[in-house]
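Have a look at the structure below, then the notes.
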Amino acid sequence: MNSVNNIRSTFLDYFHRNGHEVLSSSPLVPRNDPTLMFTNAGMVDFKNVFTGLEKHSYNRATTAQKCVRAGGKHNDLDNVGYTARHHTFFEMLGNFSFSNYFKEEAIFYAWNLLTKEFCLSKDKLLVTVYHDDDVAAGLWRKISGLSEEKIIRIATNDNFWMMGDTGPCGPCSEIFYDHGDKIWGGPPGSADEDGDRFIEIWNLVFMQYEQLSKEKRIELPQPSIDTGMGLERIAAVLQGVHDNYDIDLFRTLIHASQEIIGVKATGDFFASHRVIADHLRSSAFLIADGIMPSNEGRGYVLRRIMRRAMRHAHLLGSKDLLMWRLVPVLISEMGQAYPELVRAESLISEILKLEETRFRKTLERGLGLLNEASTHLEEGDYFNGEVAFKLYDTYGFPLDLTQDALRRRGISVDVDAFDKAMKRQKAEARANWSGSGDCVTETVWFSIRDQVGATEFLGYETEKAEGIITALIRDGEVVDHIDLGQKAMIVVNQTPFYGESGGQVGDSGIISGANFIFEVHDTQKKGDNVFIHIGEIKTGQAKKHDCVELIVDSARRRKIRANHSATHLLHESLRQTLGSHVVQKGSFVSPDRLRFDFSHPKSISSEELKKIEDLANDIVLQNSKVTTRLMAIDDAIAEGAMALFGEKYGDEVRVISMGNNLEQTGSKKWWSIELCGGTHVQRTGDIGLIHIISETSVAAGVRRIEALTATAARLYLHGQDRRVYEIAGLLKTSPADVQERVQTLLDERRKLEKELNDSRKKIALNGGSVNSQGDIQTINGISFMGGVVSNILPKDLKALVDSGKKKIGSGVVAFISVSEDGKGSAVVGVTDDLTDTLNAVDLVRIISVTLGGQGGGGRRDMAQAGGSEGGKADEALVALKDSLKG
């Protein structure tokens, strides 16, 4: 059968047989293009290769690239589920030539694959070429034998590809499949081209020009090829279906959601099942590549995708959490092709489960607030965009959910007002942000790399070396010399200074020549391995080509080494304690401390933290040798080395192994084995001691620990001991008894607070100390007891109101408590005999409006609310009593 997995492997095997390097998919977060939200095409990772900024050992490549289009310029989110071919996640099959073969081979490879390997009928295929690309048209006639009618010339930009306003560009040739005259639509270039009969399945881009400016375009001396074929589209063709969602992969996912929910994918429910299947793929792959749901950037797009799927699960009537239960089905279909899914399975499941649990609460709360804010609106009205933004910003209720909920009532959202509120918030955020100040563009570093070559790093073996200055940069410009007092950057042909990367900060130290001393404050790695020494000339003048001596601050480096090695031990300790779903999400290694971010869906208990710390320190006490090896990537992974999700590695990697396997079970020899380019201790004992000082949340599903090592850890613990002794002195007890003494004092305080609170309740019920409003009054024939009380906790107000209801027998009771920070909390009770005519929820909302609150909630007999303006408590009670007067 032409399954999705078979089609993918057939494509890659075909081009491998034809001399192409088969490369793994790049991460969904582009490595070298900050202008892109997500990788959305096969050529994204090769942009610098096409422009000449990067070079590889191969000049032919083929990939199955995972892509996401759900944010920024390329955004298919709103169409997904309602059309046959829109997806948030898709796979792009491609073959690439970097100044190797050109049009003839590209056309031959494509035609041969489609007609010989995939066995498509020639009669079902037609192609387009750019209107003046006579070469491509002639090659199609020669290779395929297609008639002139089936080689269509297109004059629009659809058949001319550009990377940007400038850069490589060239004409395209698109291959179309004819689904037959039973489906409406005409061939490309015709009046009916928007129909679904003729579907593009492959695009060949002939990069033969370079756009220098809007008016000037020149021929490239060595043209290249970039092609892209959507796997889902070609699968639909080869499986004889017209709709991408009818291919085997989607049929399996949709069948699973139908079975779990118990609702068939028909009628009004058809689109919802398709949305869930598509969004499951994008959510799982984004999480596996290190994206976590959040309220900004890529994390916000992921959250929108997840919540859109979860909303459709809600529309289908799913009573239980759904998305995480579909993960095993997805992995059974795609895990072999994408092993990162298998490695991240538990994390994907936990994040989906956590997010869907939160979303259900958000959905319930958001719909309640939305209904309250829109009760006065009628069909055809506009909902206030500022309020819609507040629902999003404060309560996490996305705009698309607000629009969907109101659309059923014929109400639109003022999107312009929403956008203005969003822009205002972003402007305020930008005003509070300051950049790095580095005005040198990446192009400068690549230019230096091309002129003088990469910097040779010597820092693994030594902290002192000699070299020659190859470049000097001052104020963003390449210069020939730098003078006394000037801040600048120095590039040397070789260096022992480590350039900041992999979370490890750059080295500092001294670069000196015959006529100058340069103090290095930081070292960065730019472009393609160009090491930049950043600092200031302290004496003399430095010139290009000067011979220099480079000396790293060894004391600082020693602390950094200890902290970096400690992160590896803590990483493995976390996995041993919490589970294999723990993977690194970020780190910061400085001489003062270390910070380690990792995937985990909940906070870590003190007992777990102690175990994590103890495990790591057990390896420190082993004082075992830390081993560094250069290995083939496949061998390293086979040995158990941990690779980071979202990272792309070369064929040869540096592997750091440390510690003996404590369990002495299985094939794993080492305690920790990771791919890493940082600097490390020689023996684990050099770390001295590891002490975790904090554990916090960074984002949904991401936790952070901070720790100290060696002398810093010892001094920290000494400080803790000193504080315990000082506290013991204040409490007049021994350090060993401090905890017991503090617990006794806390128990006594709680007892006194309870007695005080009980006394305040009694006073309130008896009419005292409540601003003279605690007596029972009669308003419009209704008994009323109410007042303003001080320092009664909001949670105790309900008990106070219940007591008041018993005291008056029939009527309304309302108490407002004002806290020390000026906030007001209110509870209103209505006795059972009056709930047919009076509603406590309506009454408490009158109080809430006066207190500056958002409304309230509860039952007809008991409701609560609050507000920030507790000073208006008396005014709020007056408003309530006025409402009872009628």
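Note: Cβ is positioned from N, Cα and C throughout, glycine not excepted.
Note that this is a predicted model, so its numbers are computed, not measured.
Copied over from Swiss-Prot, here are the features:
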BINDING   HIS564, HIS568, CYS676, HIS680  Zn(2+) binding site
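Counted within 10 Å of its Cβ, the other Cβ atoms near HIS680 (Zn(2+) binding site) come to 23, all protein chains included. The Zn(2+) site is defined by HIS564, HIS568, CYS676, HIS680, and by the 8 Å test on Cβ atoms against their centroid, the other residues of the chain that qualify are SER565, THR567, ILE656, MET658, GLU674, GLY678, THR679. Within the same chain, residues at least 6 positions away in sequence whose Cβ sits under 8 Å from that of CYS676 (Zn(2+) binding site) are GLY502, HIS564, HIS568, ARG654, VAL655, ILE656. According to DSSP, HIS568 (Zn(2+) binding site) is assigned to a helical segment. In the three-state DSSP scheme, HIS680 (Zn(2+) binding site) is classed as coil.
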